[in-house]
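Trainee: Under the heading domain 'ABC transmembrane type-1', TrEMBL lists A:82-287. Residues annotated as transmembrane segment in TrEMBL: A:21-41, A:82-108, A:120-143, A:149-170, A:191-216, A:270-287.
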Amino acid sequence: MASTTARRRGNDFTSAAVRGFGYALIGLFALFCVLPFFLVLGTSFTAEKTITLHGYNLWPRDFSTFAYKIVFENPDLIVGSYAVTVCITIVGTAIGLFIVAMTGYALQRPDFRSRNAISFFIYFTTLFQGGVVPFYIIMTQWFQLKDNYLSVLLPGLMTPFLIIMMKSFVKSIPHAITESAKMDGAGDFRIFMSLILPMTTPALATIGLFIAIGYWNEWYNAMLFLSPNMSYRPLQLFLYNVVTSADFVRNSSVASNIQPRDMPLESMKMATAVVATGPVILFYPLVQRFFIQGITVGAVKG
Amino acid sequence: MKNLSFRKMLGGVLAAVLALSLAACSGSKNSADSTDKGSDGGKASASGSASTDNGAIDTSKFVTVSYVMLGNKPTNGQFEKVMEKVNALLKQKANANLEIKWVEWADWQTKYNLLLASGESLDLITTATDWLDAWPNAQKGAFMALDDLLPKYAPLTWQEVPQEDWAETKYKNQIMMIPEDHYTQWVNHGFIYRGDWAKELGITSPIKDFETLGQYFQGIKDKKPGVIPWDSEGTNLEMFDGYVNSYSDAISLPVSTGPIGIFYAPSYDQKFTAGSPVFEDTFLNFAKLMKEWGDKSYWRQDVLSYKGDAKTALEAGKSGGVEHHTQTFLGERYKMDQLQPGSELQFFPWSATRNNLVSMSITHGATALGAHSKNPERALMVYDLLRQDPEIYKLFNYGIEGVQYVVKDGKRYRPDGYDVQKDDFYSDFWGGRIDKNEIPDGTLWDGYKDLYASYDQIKKPYPYGRFVFDKNPVNNELTAITQVVSQSLPAIVFGKAGDPEKAVNDFRNQLKSAGYDKVVAELQKQLDAYKQQIGG
């Protein structure tokens, strides 16, 4: 009797030690992940001169909101950029998710005859691309999408990688379900909407997050196709422009006659990072549990 | 069986892809042809109307002229206010409206060339031979030839620019752009240092060579605790060019090798000979001196990875100087006179040691006309007004008097209560400024006239204005050399490469194996051809 309690106590002790060690390790790891972010946050509130003289600091030595002042120089502009990005992200994710899911489902149906050919065609575009100039000419001259938000929305709708991921996830759903539904008289679209979609929630959450982050961070297409004539452009492009122009004005010998304004370059970079990441950080925990499941299931069964 | 069908299918898909791409190619070719014809037609009709009108220019139709500017569009609303006034004047004088198309600093190299490659109908375009790919774009036919249009539609500019300057803008004997040749700007590099400290340290005459500069650094090290003699970013390799300038007569060739060019002609008299001081003793001496200076901590130990801003340290009184160009010095001097009164900022231009100074290219700024321009005549008229009409010029360059600037004693200042965020205006008109219409900037140091005068005495005309190095034959070698330069040169420049003799040897060997000889041979071939082309 005594010996069992002792043993149990011993077990408790080791498991507590192991657990404590584990917590410490994970805590430390988490700290390492979070620290850089705090460094960014701290630096964004530090006066530029202090950064130059003393380097980056976790805690601002010399509290200053000047960087944010420059970023928010024209509040309506940044609010407008936020609105554009949020709209594009929501609309793009909704449509993109639907199309990617449909494509992924169709491509794995064994009774879809040219599925391999079409899969190959989609895969092919990941290997060979036209390059920037043809892309630009097609978008601006053929489709006339210059200064049109569609030029940012459309290219992101279907990503080959996500289609392949979706395809391999749907493969894990037995084909028998589709067939039995068919026997009960359901049409293809009905099967997709009421049977397949509910069963692929984890994959949808994962892919949705990928698409959403893609749209959230989108600046290249916006840079190419949305000229400054548009009053509002996506957030990332707006912020990128704020930073690059300051950088350029300060370091370039090209434009020899610009009088550099006093730009808090380092703290401004950090401030833009904070402004850009904010909402994503809030959004991520909500879909996180699906996220892990979605990635692993898709990968293992693929 | 299954295999076979798959293979068939694959073949089918590939064939379809091929067919599609072929169709796409021929399609775009056709459209390009038709647009070309269109522009030719436009030009023909332009000259046609010119001859029938017998001199009088028909401006009855109100048109909008676009102008591609490099820079970020001002966002505080001032730009629109100024443009309203500019456009009112343009309507009155040329019945035209000017619309600025901005190419922002976000990936501007890509976007600028895409804009020209896409065949959009652009009118005026800021361009430059040394930083904006003017020649490659001219080769691709992105610009319209101006020979017939200029005398009639931009007569003042046509007369103002001398024939030898027009010659600099010609591609295949046709004028491709209007140079910014009547505007003084100097971007030759040098060392900006504190005159008050130099005096304190017993350096009474202006610094004119690296030896005295070394004395200045050592003096600061000894007598100014807490001050870094030269707090530099690790990306600034201009010291290399500075040393070459100071200790040889070599002049830099317009071939880019990443962070800094390493190809030079041995002297102005031998400007068509290609080589590199890297393979001469100059470079070894330079490496030795920099090792010595680095060991004496004239700059911070972590200089190679340091990304801070050198000017901020200078302004805070924590650094003995900044390496940058003349224009920066003039602005910095004025600023330092306010921030650190009595600092007496001085400038040691690298040309001071041996009077080795080459002018800037007159096409460092230029304006071209898009090949698909719909209103080439009116575009040139607008350009002529922007450049020559003092009222429009001042509006377009400085903004509205009283709001953006006030004039005191013939100099331009900001009005009292000027708020940069709210009132700032710029149009980045880098394609046709002229000294005649400029109001000197009061925030540039007064002494600029003496400095410019001293440059004028020794400057030699820029010899490579029309030289376009065709990189294609040596593209791979040049890329490899750029790699070597970016990887190894910074350590040598800041004396962090260990034993200088060994470092220099290694660097030379790396360049050789990257294909240095082949590039020099090709460069020489093209320089010979260029010499024939311009010298006859």
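The count begins at 1 with the first shown residue.
Cβ atoms here come from the backbone N, Cα and C positions, even for glycine.
I'd like to know what surrounds each of these features in this structure.
Mentor: If one looks beyond the transmembrane segment (A:21-41) by at least 6 residues along the same chain, the residues whose Cβ comes under 8 Å of a Cβ in the stretch are 56-58, 270, 273-274.
Away from its own ends, the transmembrane segment (A:82-108) comes close to residues 115, 118-119, 122, 149, 152-153, 156-159, 162-171, 192, 196-197, 200, 203-204, 207-208, 211-212, 215-216, 218, 232-236, 279 of its chain (Cβ-Cβ under 8 Å, at least six residues beyond either end).
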Trainee: Are there residues at least six beyond either end of the transmembrane segment (A:120-143) with Cβ under 8 Å to its Cβ atoms? List them, or say none.
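Mentor: Counting only partners 6 or more residues beyond its ends, the transmembrane segment (A:120-143) has Cβ contacts under 8 Å with 103, 107, 151, 160-161, 163-164, 224-225.
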Trainee: What else in the chain is close to the transmembrane segment (A:270-287), if you only count residues 6 or more beyond its ends and a Cβ gap under 8 Å?
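Mentor: Here the qualifying positions are 40-41, 43-44, 67-68, 70-71, 78, 86, 205, 208-209, 212-213, 216, 235-236, 239-240, 242-243.
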